[in-house]
Structures are given as C-alpha cells and as structure tokens.
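Peer 1: Straight out of TrEMBL:
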type	residues	note
ACT_SITE	D158	active site, proton donor/acceptor
BINDING	N27, E395	Mg(2+) binding site
BINDING	K34, H217, L218, G219, N220, G221, D292, L293, R294, G340, I341, G342, E343, N344	ATP binding site
BINDING	R101	substrate binding site
SITE	H190	site 'Transition state stabilizer'
SITE	R250	site 'Transition state stabilizer'
Amino acid sequence: MSASPTTTFDDNNTDTSTLTNPTLVLNCGSSSIKYALISDDNATRITGLAENLGLDTARIKHTTLNGEKLEISIPGGRHKLALQKILELLEQYHFIAVGHRVVHGGREYSEAVRVDEHVLDEVKRLKVLAPLHNPANALGIEAVQAIYPDMPQVVVFDTAFHQTMPPVAFRYPLPKALYEEHKIRRYGFHGTSHAYVSERATEITDASGTHGWLTAHLGNGCSATAVYDGKSLDTSMGLTPLEGLMMGTRSGDVDPSLHIHLKRQLDMSLEDIDTMLNKESGLLGISGLSNDLRTIEQAASEGHKDAELAIEMFCYRVGKYLASLSCALPELTGIVFTGGIGENSVTTRTRILEVMRHFGIKVDVDKNAKLVGGNEGSFHSSDSSLELWVIPTDEEGRIAQETREALNLV
Ligand code: ADP
C-alpha cells in the first residue's frame, strides 16, 4: 500500500473529512480485536471492535468518521477472518503504518520497535508469560504481513514503560537463579496508559519542577504506577497482570500459599486455581453479581451487602497501594485517575482518597462531580497537599504516536 500525503475520502458518501497519513492501531485480545485508524495529528479517528471471536455471535462493530455505526456479523469467525474484514473496511483510507499493542515484551524491550523476523519470534516466544495475549498479537502482525508484505509495522509493549523500574522494585525476593536464568521478575502492564496520563498531567499542571505522579488506571484491569520525571519507578502489576489491585474478575494480591492450600484442602488443580483467580474473583467474586462496577454500585445503593463490601474492598486496596507506591517517589505532585472506573465513578475516587486520610488531600466536591464521561480536569481544592486529576486515557493515540516515532515519521 502506498503512502498518500492527504487522503480525502467520501465515507458512504456522507463524510468529506480528511484523514492525513493515518496509522492503524490494532489491539488483539484473546477473543476480541480493538482497532483505530488515527490521523497523523491524532485528531481524527475511525474506530471499531471485533468481539466474541470464535463464537456464533462473532461480529465487528465499526464506527465511521461521521459517527455512523455499522455491525458486521461473522458467525464463528476467528482472528484471521476478523482481521481480513477489518483491513478490507479500512483499505480505502491508505494507512501508512500499523502499530500493535503487545502485552508482554519481556526483558528485552524498553521501547516500541519495528517488526522484523526476530521481533515477531520474540512476541511468539513470550507467550509463556502472556498465554492469552501474545499469540493473538502475533496473529495480528501476520495477518497484516499476509495482505501488505511491505507495510511497516511496530509493536508497542505494555511492559516497556516499566523497564525503568530499579531492581529494588522489579525483583521478587526469590532465589537469584529464577531471575537470571528464567526472567522471573516484575514487569508491570498498562504501560501506554500510565505513560500517556502521567505525561499529560505534567503538561497541564501549573506545578513547577520535577513531577512525581501516582497514576491509577482503573478499568476491568486495574493497576497503579509511581512515575517520577516521566519514568516508571514502581507499579502494582508484576510478572503477570494478576498481581496488585483488585480488578473486575482478577483477585490481585493474595497469599502465595493459597495455591498449595487449595490444592491440599479442595484438591483443586493449578489450572482451576488460575482460572478462579483470573476470571471469578475481584469485584465479581466478592459481589457475586458482576464484574461491572455500575451494576455493583446500583445493587449497593439498594442495600446489597456483598456489593457494598466489593466496593469498599476495591477502594481500600487501591488507596493502600497508592499510599505504598508513594514510597517510590522522591517527590509527590499528585494522583491521576483514569480507565472506565477512574474516569467515571465520582464516589469511587472519593472513597479511595478517604482511605489515604493521612495525606492531607482535600477534594473539591463540585469539581469531582463534573469529571465524568470523558472530561479531563483537576478536582483538588486550593488547600490540598496533593493535586488530583482525572485524565481520560488514550492508549490508541499513544500507540499511534510511538509507532510514528519508531518509524521516524514525525
Ligand atoms: P477495559 O479495562 O476493559 O478497557 P474500561 O476502562 O472500559 O475497561 O472500564 C470498565 C469499568 O469501568 C467497568 O467496571 C465499568 O463498570 C466501569 N465504568 C464505566 N462507566 C462507569 C460509570 N459511569 N460509573 C461507574 N463505573 C463505570
């Protein structure tokens, strides 16, 4: 596919906008593919989602530039078919590069890299560390290669931003050989999100000097990071995205002896325990209702005791983690909330900050209430010891930017 400096298009004969030198961002998950076609100034986008892959209900939900929604059914379709359809839908816009979100980059990658044979092999090899995600990411790269062999492709690793963590934060207190010979260490995830929101906070704050941020990415997956002078110094997720905060269906931290205990007491297999910790725990496990905070908040407001406990535990664990991560920072400027929960749940933000009651944080209640539905802004009052921000994350935009940088297109 050839580069075209400015592609003017007529989207279903209804849109005459321009999408200049677009980059295609692909985020291939285990049963879904999120995609976004993004102009070189990050301002204009076409977005979509292929979901339920492998099931009868597999479909692609596509939103055109003018906001029109299309749904394409691909019953039983898997990644390969979905990717073919997505590429067909977007072909007319002459994208010039593809950036892939790849979950695990292991120890080798501290920044986005252009795909070559070695990089693709590494993405596949690291499936030992991310069995659900890395194989899907590799499929995405190969699908593009098959149709556009000359298309420059870049991989942006979720782990890369955290490669600045010092050993004191990334090592586990385990025998040395496990680290040296088997790469057992803490890697951290959600890197593009933590990088984006901390950079954005630094851009928009009035505070002078070097900034230290605690960033809380609270979505279905949840993690918190300590960022100083643009570098990740510690984070809540570890070898896998299970460590750390309580999440939608993931437990976060539990006693490492839980596995042996459950094996002995209930004769559970390691696989069953892993499934339980990843898919049946967290907000879902405690509430017994849902992994979706909206459903749980509704139930709690109607007096559902387990829903109330799920929210209380969630907030307590986030607050406790943020407090402990502050130890990684030479200076602390403030806290940044992002992700579906962080961007929308006013009460969750309030309750997390109440857990941190010894920090001298003061919330401006009116400002906090207005920060929902994609609004960006601060909500600390003038006498607060720390700044408080809500910054909607933009992982796709950040991946597009890193892709252009890795290809020297900027
Ligand atoms: P993912 O990690 O899958 O990208 P999101 O960042 O979209 O997930 O976050 C999903 C979470 O955000 C869900 O728990 C959902 O209930 C929560 N959420 C979204 N909107 C709201 C809202 N208005 N109030 C409370 N929680 C919300």
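Numbers run from 1 along the shown chain.
Each Cβ is built from the backbone N, Cα and C atoms, and glycine gets one as well.
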Peer 1: Show which residues of the chain containing the residue listed as 'substrate binding site', separated from it by at least 6 in sequence, have their CB under 8 Å from its CB.
Peer 2: V25, L26, N27, C28, N137, V156, D158, T192, E395, I399
Peer 1: Going by Cα-Cα distance, pick out whichever of the recorded positions K34, H190, N220, I341 is nearest to R250 (site 'Transition state stabilizer').
Peer 2: N220
Peer 1: Under 6 Å from ligand 1 by Cβ, which recorded positions from K34, D158, H190, D292, R294, E395?
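Peer 2: Once distances to ligand 1 are taken from each Cβ, D292, R294 fall under 6 Å.
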Peer 1: Considering the recorded positions K34, H190, R250, R294, which residue's Cβ sits among the greatest number of other Cβ atoms within 10 Å?
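Peer 2: Buried the deepest by this measure is H190.
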Peer 1: Out of these binding-site residues, N27, N220, which one has the fewest other C-beta atoms within 10 Å of its own C-beta?
Peer 2: N220
Peer 1: In Å, how long is the longest CA to CA span across K34, H217, L218, G219, N220, G221, D292, L293, R294, G340, I341, G342, E343, N344, which the record gives as the ATP binders?
Peer 2: 22
Peer 1: Taking just the CA atoms, what is the gap between N220 (ATP binding site) and H190 (site 'Transition state stabilizer') in Å?
Peer 2: 12
Peer 1: Minimum Cβ neighbour count within 10 Å among the recorded positions D158, D292, E343, E395: which residue?
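Peer 2: Least crowded of the recorded positions D158, D292, E343, E395, by Cβ count within 10 Å, is D292.
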